[in-house]
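Quick look at what TrEMBL annotates:
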type     : residues : note
DOMAIN   : 9-328    : domain 'Glycoside hydrolase 35 catalytic'
ACT_SITE : 157      : active site, proton donor
ACT_SITE : 239      : active site, nucleophile
DOMAIN   : 370-483  : domain 'Beta-galactosidase 1-like first all-beta'
DOMAIN   : 505-561  : domain 'Beta-galactosidase galactose-binding'
Ligand code: GLA
């Protein structure tokens with residue numbers, strides 16, 4: 001059996017071993033393409049694949065675990081092993097990763113006193129069942145049991161959040177108690193404060209660094225910390241940021257391939273590394289995360305292309321070729337594979353007004369005052385609040401107390417206001433009929449913050465928190481429709497479309513030239529989410545910078561393919577197009593946006 005040890009260097013079967021790894025998140029790539037991506041990873045010269053394991057993916061509701069299909073982490077690890085790759089796993093309760101809530105499950109929000117990522121016994125009590133379920137599955141695939149898993153992460157950049165060593169120790173104990181015997185590690189910024197707050201070198205837990213440049217300087221910072229603590233540890237960059245992620249209405253962030261290659265040349269000569277990302281993939285469904293700047297929330301886009309070494313859709317890039325040339329001095333390389341692409345169109349077959357189908361896709365619930373979506377055991381998607389108000393005037397002042405994230409207000413089923421960010425912090429005027437008016441407030445959850453101080457904040461609860469005021473009183477007596485949109489197959493065939501009312505489901509028949517990867521062009525759309533054959537492809541928004549939704553071929557069928565789009569802001573065209581290449585949108589905000597040195 002292979003042995004793997006961490007001394008002042010990594011030892012594989014007692015021989016020095018340089019880990020050349022790439023991050024590939026199984027949850028961002030269609031499972032039918034795992035093999036393709038892993039093959040290209042190996043072909044580039046990597047000997048290891050690294051993946052996070054998001055808690056919220058595997059325990060979407062408390063106590064309900066899912067390891068099926070695209071969540072079959074064991075299958076992903078087995079495929080890697082069959083290709084001769086080793087595996088690094090990061091199943092920490094928090095993963096950051098530009099993933100919804102940094103991997104924390106939304107249902108934690110129903111425990112208002114819980115303090116995440118601390119020794120709070122309530123938090124640790126909720127982590128334990130997840131650890132039990134995931135670690136018992138990973139255990140037989142450890143290198144110590146004959147499998148390919150080399151190492152396992154305890155926490156993710158904990159030094160960028162907290163400094164409670166006893167919390168890290170509690171996790172280590174839980175991990176070991178579940179039978180994990182491979183080396184454990186933490187990963188943090190490489191400067192003194194983060195290493196001091198987030199690592200556990202004093203307990204013999206390997207500390208790795210996260211950085212995208214200045215390899216010699218960053219490794220020497222880490223060495224200085226190890227020397228001070230009197231420990232001997234190998235140098236590893238756990239996240240070599242080769243690109244960066246994107247947010248709405250900001251220009252795409254790209255990194256020069258040549259500059260990246262220079263850093264790689266230096267880094268690989270000095271230590272071990274993990275490309276973050278090797279392939280970014282896609283935030284399918286409602287699983288994108290959200291950045292924050294001050295108290296402002298900046299949701300991330302569906303594409304997690306990351307300007308990485310493989311594109312979002314798995315093709316090698318210029319950076320891939322440059323990396324391969326460098327890595328060929330260290331390991332065998334071979335020709336990567338490329339998948340075919342296709343184009344086509346879609347024809348509108350029917351359009352349905354949200355108000356006409358509410359009862360088909362949701363069960364109304366009555367409350368005296370609005371509550372957040374989590375209170376209804378709903379964690380993603382949209383939620384609609386309805387009430388009737390009496391108005392003696394043609395205009396009324398309205399105010400929403402604590403609404404997240406994007407709000408559409410309808411008076412008598414007509415869209416009259418869209419509110420977002422700062423607009424939600426102030427009152428507004430609404431045109432009314434004299435007499436009774438039906439008020440509908442549709443609220444979109446655009447993804448929870450995955451990094452920084454807002455990780456634990458009131459705004460992580462979505463929908464309406466406190467209530468809606470008209471004139472100067474809170475309105476009571478509400479009907480609430482939860483809209484997680486996980487049941488759109490319930491939409492019937494016989495509905496009408498009224499262009500006056502936003503919030504429509506548009507149904508298209510898809511005609512592609514062949515069954516191959518394709519890109520739905522969203523440049524003429526407004527804002528919404530698309531479903532292909534019932535699968536949620538993710539959100540889109542025409543503020544850019546991304547003008548497409550990527551459709552991997554395994555989601556398509558020969559012949560009949562149905563696309564349903566839920567669009568909240570625009571009337572969609574009769575004919576839509578699918579391209580054989582990605583399309584982009586010039587964002588309004590063309591500030592020379594600088595790549596940050598830490599995630600924001
Ligand atoms: C940090 C986190 C990652 C990711 C990157 C930015 O290093 O650990 O999960 O958020 O930043 O992409």
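Cβ atoms are placed via backbone N, Cα and C, with glycine included.
Over the domain 'Glycoside hydrolase 35 catalytic' (9-328) the predicted model carries a mean pLDDT of 98. Long-range Cβ neighbours of residue 239 (active site, nucleophile) (same chain, at least 6 residues apart, Cβ-Cβ under 8 Å): 23, 187, 210, 211, 212, 274, 276. Proximity of the residue listed as 'active site, proton donor' to non-local residues of its own chain (separation of 6 or more, Cβ distance below 8 Å) is seen for 96, 187, 188, 189, 194, 198, 210, given in sequence order. Summarised by DSSP class, the composition of the domain 'Beta-galactosidase galactose-binding' (505-561) is 3 helix, 31 strand, 23 coil. For the recorded site, residue 157 (active site, proton donor), the DSSP three-state label reads coil.
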